[in-house]
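Annotation source TrEMBL lists domain 'Ig-like' at 14-102, 119-206, 319-403, 781-872, 873-960, 962-1049, 1068-1136, 1147-1207, 1343-1411, 1555-1634, 1645-1821 (among others). What TrEMBL records for 498-598 is domain 'Fibronectin type-III'.
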Amino acid sequence: PRVSSGDIFGDRAPRFLAYPRTFTVQSGADALLKCQITGDPQPSIAWEKDKAPIAPAGRFRVQAEGNMYSLLVSRVTPEDGGQYICKAKNSVGETYAAATLKVEPGEPRCEGHPDDRAPVFLARPLSLRVGRGEDVAFSCRVLGQPGPVLEWEKDGRKLSDLFESSHFCVGKEPEDWHFLRIFGSRPPDGGVYVCRARNRAGEALAAAVLLPEPWAALTNGEAAPSAPRAKAFAVSEGKHAKFRCYVTGKPKPEIVWKKDGKAVVPGRRHLAYEDREGYFILKVLYCKPQDQGLYVCTASNTAGQTLSAVQLRVREHRVRFQVQLEDVEVQEREDAVLECRVPLETIPTAWYLEDKPLQPSPKYLMEEQGRVRRLTIRDARTDDDGIYLCEMQDQGRSVAEVSVRGMIVKRLPRKLDVMEGENAAFCVETREAVEGISWRRNGQELQESPCTVLKSFGKTHLLVLVHVTREDAGIIAFAVGDSETLAQLRVKCAKRVPPSTPVAACMSTEHSNAALLTWCPAPDVHRSPPGAYVLERQEAGTAEWVQCLTTDTAGAVEVLGDSVPAEADYRFRLCAVNKYGCSAHVEFPGAAHLVPLARVERALQDAVVQEGEDAIFSLELSALVRGAWFLNGARVPEEEEEEGRRCCIWHSKTEHALQIRRVRLTEDGAEVRFVAHGLQDVAMLHVQEPPVRVVSSNEAAVHAYMASERVELVCELSRPDAPVQWYKDGVEVEESERLVLQREGPCCRLVLPSAQPSDTGEYMCNVGGDSVFYSITVAEPPVQVVSSNEAAVHTYVASERVELVCELSRPNAPVQWYKDGVEVEESERLVLQRSGPCCRLVLPSAQPPDTGEYVCDVGGDSVFYNVTVAVAPWAVHSNKVAAHMYVALERVELVCELSRPDAPVQWYKDGVEVEESKRLMLQRLGPCCRLVLPSAQPLDTGEYMCDAGSDSVFYNVTVAEPPVRVVSSNESAVHTYAASERVELVCELSRPDAPVQWYKDGVEVEESEQLVLQREGPCCWLVLPSAQPPDTGEYVCDAGGDSVFYNVTVAGQRPSHSSVPLPLSPLCSLPSTPAPSLSRVSASVQWAKDGAWLEAGGSLILEEEGAHRRLVIPVAGPEHSGKYICNVGNDARTFTVQGDLQTQRHCRAGEDLVLEVQLSHAHGEAKWYKDGEKLQDTGRVRVEEDGARRALVVLGVESRDAGEYLCESGAREPGGPWGPLLLALSPPFPCPEPPVSIVGSAGARERRCVVAGEDLILACEVSRPNAAVRWLRDGRELAPSEHVRVVEKGCLRQLTILGAQHSDAGSYVCDAGTDQRVMSVQVAGESLGKGPQGEHWLHGAVEGDTVTLMARLSRDTAPVRWLRDRRLLRAGARLQVGSEGPCRSLTLKHAEPGDSGAYCCDAGDDAVHFTLRVRGERPCPAPAPAPMRTPPSRPCCPALTCLRHPVPLARAPTDMSPWPAEAPVLFVNKQEKQEKVLVLEGGSAVLSAVVSKEQAAVSWAGPCGAVAAGERCELRREGRVHSLVLSNGGGHWSRAGGGVALRHGPNPALRLVPPELLVKFVRGLSDVHAHKGETVLLWCELCKARGDVTWLKDGQVLVPGGRGEARVEGRERSLVLSNVGPEDAGEYCCESKDDRTLAMLRGFPRVVEIISELRNLTVMEGEDATFKCVVSPEDVALTWQLGGQVVAPSERLVVSTNGLCHALTIQQCQPGDATTVTANAEGLVSAARLSVQGEKSWRGCRGHLAGRGRGCSDACLEVELSHAGAEVQWLKQGVLLQPGAKYQLQEAGCRRTLTIRSLSPSDRGTYRCETLHDRTQAKLSVERE
């Protein structure tokens, strides 16, 4: 055998495993050509159509998945039909396969038609369980546009392939209902029925299950046919026995399996089913000896019955179990025990659950006791039900069934294998009909869907997965209660087996011009039957095979000559195809010569040509045949075309042609004949002399001319000597000066040098046999309006002058003036003027009747003027006569009604025109104008004028302050006091600045020590610190328009008693100030407590003073609580004493303090005092009232809350006068607090170093804000002074030594009593060269300075953040953030004292800290020059590091680490390498450098040392720019060594500029991103203050003005752009004469923001619900949705917008309105929930729905509700019903009725009535008439 090189190295040429198949599709559908190709290396794939490559674009898409390749043609058209070839090629070889796509015309489809809707099932078919012989009806309702077409199938096959036409019926009913009826159902009818609905917009499907009742055994007396002779079949014990029976018949037969005459019932070990190949299978699993017997398969249908039998014998093993396993039945969750006995103890055994080996586990207990083998199944569950085997190694088996009796009677199979695209059905039976079942797949609960059918029939529960895919594979679980059963669903790919090659191919050519082809199908045709046979032909001499025809049946086919396109020898080959591919081709032996029969389709035509032209004769035949041409009987040779040959023959497919070149006159009348295979055609050749022709002319041009223009008519002839005549309007023209005729060879011309209107006419050039016509038009130039004042506004007031102007193109052109279509006449009131081309219409004194439309008509042009003459407006009505006197905050409205609604009006105040604002609104409604002040103020006082031009109205408006009112006072209180008590009269006014006078007995009081007048805002007090009896009287607080009167009574001192209450005891006194007064001084009283009379003595003291009586309890205790009565015989007064108030309370700091008292009645007034001061209800101190209970709550008590608390009550008791009840606590209660500690104190001495003259700041943080600390230096306490400042802010304690000196050095202590922090401070005369790691950098500046903070990073591209006092800083007008290489800088311009603080440069992994102090009082002393600090370098690492100051972020000022010296001065834009400076001899050099601080001291150094100012050296300074000017630099400095350095650090920074300092940019522009409407600042800084710059945008110089403003401030140059928009984006440039800087302005995105979100709402039934949200900007497009549906505004749904606020109001909400409300603002979404609570709590329906009806009648379903206003909805099979001709919904009180009209079988099903809280359902049955 031959081996290719590809095989040697493992490479393989491409090979088709599956071929693309030929098929037919409807026009508009998608076509998919698929094939499977293998090869190594992987082949490249190319598709061709009709030998033209296909580009994968548009409707053609090429896909590859593994070795599967496909071509998708979307929306095929008839032009897409043809032969498609798939070519595969790699480095080893190539191959190809072809398929034909046929496109049948379909319904015309409009792409994207708006009315198209995919099919939707409104009602799906219901799963049914029926008895044998019953009729079955599946009904569904489908909607779609256009109307969908429905197809029904069962188990994936068409119904026509399974059933006879009389067994089923498919139809359609009104209202889009469709049905499938099956008559006389049989068990084979059971299965899954799928309804497919298709239209051009899409496809939908719905499925249902038909479950027939179990097969019934033969009835008594029914004779069974005799069994045929049985075949013998033997199987070993424990193995499976499988019986197959292949039965055909229509209708599909019923199969019954019997054993020994008894029907076999399917169970655990007996399975009966039909496989995919049509075999009926009976499987007996794990055969036992008792399974031996005769098995008979009975097949029957309406046509008859047949039998097939087999005898089963079970062979027992040689070594058998002595005791076999026995079947076991247990309850669920019980243990099941299986036991058997083996013949020998040493025989090993294994346990199996069916085919699954079992291992010892907590679930399975396996025991071996001698020869006994025992398996215990613990906690048996439903899935433990099954067949168990005990197997001896290589010996026999023992089989037993374990039945687990639980809720699930029939469990799921352990495994179910289905092919992809088939239906998977699962069935479970339960012990009883139950609810609450659930089906899950891979743990996810399954729900009813088009591809998932869930149905329960009593105890039977079904799950059907329709058209399963690989994604459906997994674990299927069924659960009810605690019982569960599982099954593994495995989805297998269908075997794609192409058919085998046909055999016995033979060809016969006995008949003339025909070939008879015969063949036979392959022997294994049943394994993979072909769908069709494809015949191909090949023309001899070519390599291409072309498909001839396709036939569905095998046998013979005859190919006639008429079927071939051309005469040739043909070979044929054949292959079989199905949907999985095609077979190999078989070639028919030999070849057949076939000739198509030709006829003339288009005959020869006589040819008439001119001499010298070519004559062509052609004809078309119906087939490809050879032929010959004859000219005058002589055959024209067919040799290839040669130069000089006059006759040429060619043919293309069926067309033949003869060309005779350059014919001669002598060939006139020649005969041309064509002869081919018995047919011929003849034509004649006619040759003529050529006539004169017009070859070309300018006839087609537009010959329209203006007077005096040149006219030229051109005509070119075919012969130069041909005669020609010219005509005008039929008359031959004569040549003259005005008409010139020219001739040059074949070209003729007629020329009019200066045409006139009289030359207009039709000209003709006549050459005998041909003519050319020219239509000439010569016109005068039209008159045009050159200019006019038409565009001006011609609105005038009566008596004004009106002038209408019109300038014409010709001065002598006639003109007419019209008004309203009537020509005007000149008069004194209307003057017409003419001055050359200028025309005027003048109305010297226009009047209203002159209003109208004026037209200036000049013939070919017109001008229109709309003139309006109005009467001057005047004020018809106004409210100026009204008294415009107002009080502040009142509304002022000035009204002026004009004579015309369109008259302009201006409002003035005191001669100045007013501007509209929120405080002043101008309104206009027709002729009525208003000026409104919604809330007038005194400053609005003045003269207002409404100016209407010719008329004005004046208003004098006065706005006064409102009168002063007394808002509140303690006038109603009882002002009775004892001598020396404090009297306080309070009065609160309506205005804080209102004047007030106090009077006593009508005389104004004077302030003194005994009478104090106080004022705080609107509150006024009159205080008598120690009132005396002479102070008794009537006091008046007079505020002008209002007064308050106080009756004050001051009595003498209360008499003292020996029983004075002790200071440490609480004083509980009955009301005594004033004491209860009697009507007679001598009246006697009796005191009683809780019904018992009291007498003086012990702890009680009874006092009498005039008409006053007192009961005093010096030492009150809980036992004194109770009700006290003062009885005077015919009158009494009751007092309630609550004596359980604690006298002393201890609590810890931070706890809450609660003090409570109980008053005698709930309406008593109580006031609380602490240490004599009244307490107010604040955030930390709360006063609570609850009935008669009064409480004082102090939250989080502190030490300052300790003291004496007093509650004063002035409650009025029934039948008695007022009197206070005093309750006091004494002494003050202590509040222990935890000891004070200093946060972060480690106990070690800390060190600080500061430069002399700088401020020393020491700070620490204490644990409590109220902690007291002392500051000590060298053991001596420091007191605040001008030099020393102590600050306490919260927990922060800070000591500041201003301008620290050497004497301030020492040991500082922050002493907090229980803790302290010690710091050692050193004051240095100069800054240290290197500070300790972890230091801060200190900057000092004077107000107005420019400060620059710099840091160097380890990476150039690292980002940083600048912070001040831990707040992020952003660049602005005064803050500039810079970045150059590894350096980062922050520049602060025009520093202010408020800029002082802690600054930080944060790089993420590291940070640098600066402390900036800006002084405004005195300049900060500059420190002595010192070398710049440079911290030790650090190696590079992944983390970002700030190289200049590598310190972590400090917690200043709570961290007491020492403050370092001032931060170093840095150079800005310093070069890393030393610069070389070239200066011409005798010239000057200027060296410049920029430092980070203006106050920095710098020095210059040269080759000879320090450089000082002198004759050749000049030192300059401009802010932070330092310059050194070297005169005669080339002669002196170059000879001296040529090096100059500016020193304020280790590295010099040099810059060479021209003799005059270059205008360079120190800070460049930065790119800016802005939003529309913002103000943008572009900022840069020059090196000196004097320097001109130019601003450019996109290379164009910006002109000052408009929205751009250029500013100059010192060295700063800025450009301010106001209200920027997209047009402002671009590149901006700032140019000086020596430098330039660029920046880009970008952005302007539209930013939509929801400022305020929607909030959830809960409303009562009948209330309105309003949802609001605030969205920016104001013009945002916002849409509302309810439950996902867009809201359409209506009477109930109101959408409103007010600025940024958007609102949706749902009026009269009902419980059914509860849903989700969504606001969508251009993609941003805010959602909230609406909940509606019913007015009553009710539950739905009462009674029972039931229904039964007969066909064509009506059915009525009725329910009764508990609430008449409730809403219900009716559903059928879960589909909502809508009222219409079919369904009628009625309401009557609490009753709801559904009426179903004209019942039909499709109306059967379950109907449900639902409310919001309840539901009820019933099943409707429809009986046939």
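Every residue gets a Cβ built from N, Cα and C, even glycine.
Mean pLDDT for the domain 'Ig-like' (119-206) in this predicted model: 86. Segment contact holds for the domain 'Fibronectin type-III' (498-598) and the domain 'Ig-like' (14-102), given three or more CB pairs below 8 angstroms at sequence separation of 6 or more. Between the domain 'Ig-like' (119-206) and the domain 'Ig-like' (1645-1821) there are at least 3 Cβ pairs closer than 8 Å, counting only pairs 6 or more residues apart in sequence, which means the two stretches are in contact. Residue counts for the domain 'Fibronectin type-III' (498-598) under DSSP, helix first, then strand, then coil, are 3 helix, 52 strand, 46 coil. The residues of the domain 'Ig-like' (14-102), classed with DSSP into helix (H, G, I), strand (E, B) and coil, number 3 helix, 56 strand, 30 coil. Residue counts for the domain 'Ig-like' (1343-1411) by DSSP state, with H, G and I taken as helix and E and B as strand, are 3 helix, 36 strand, 30 coil. Under DSSP, the residues of the domain 'Ig-like' (873-960) split into helix, strand and coil as follows: 3 helix, 46 strand, 39 coil.
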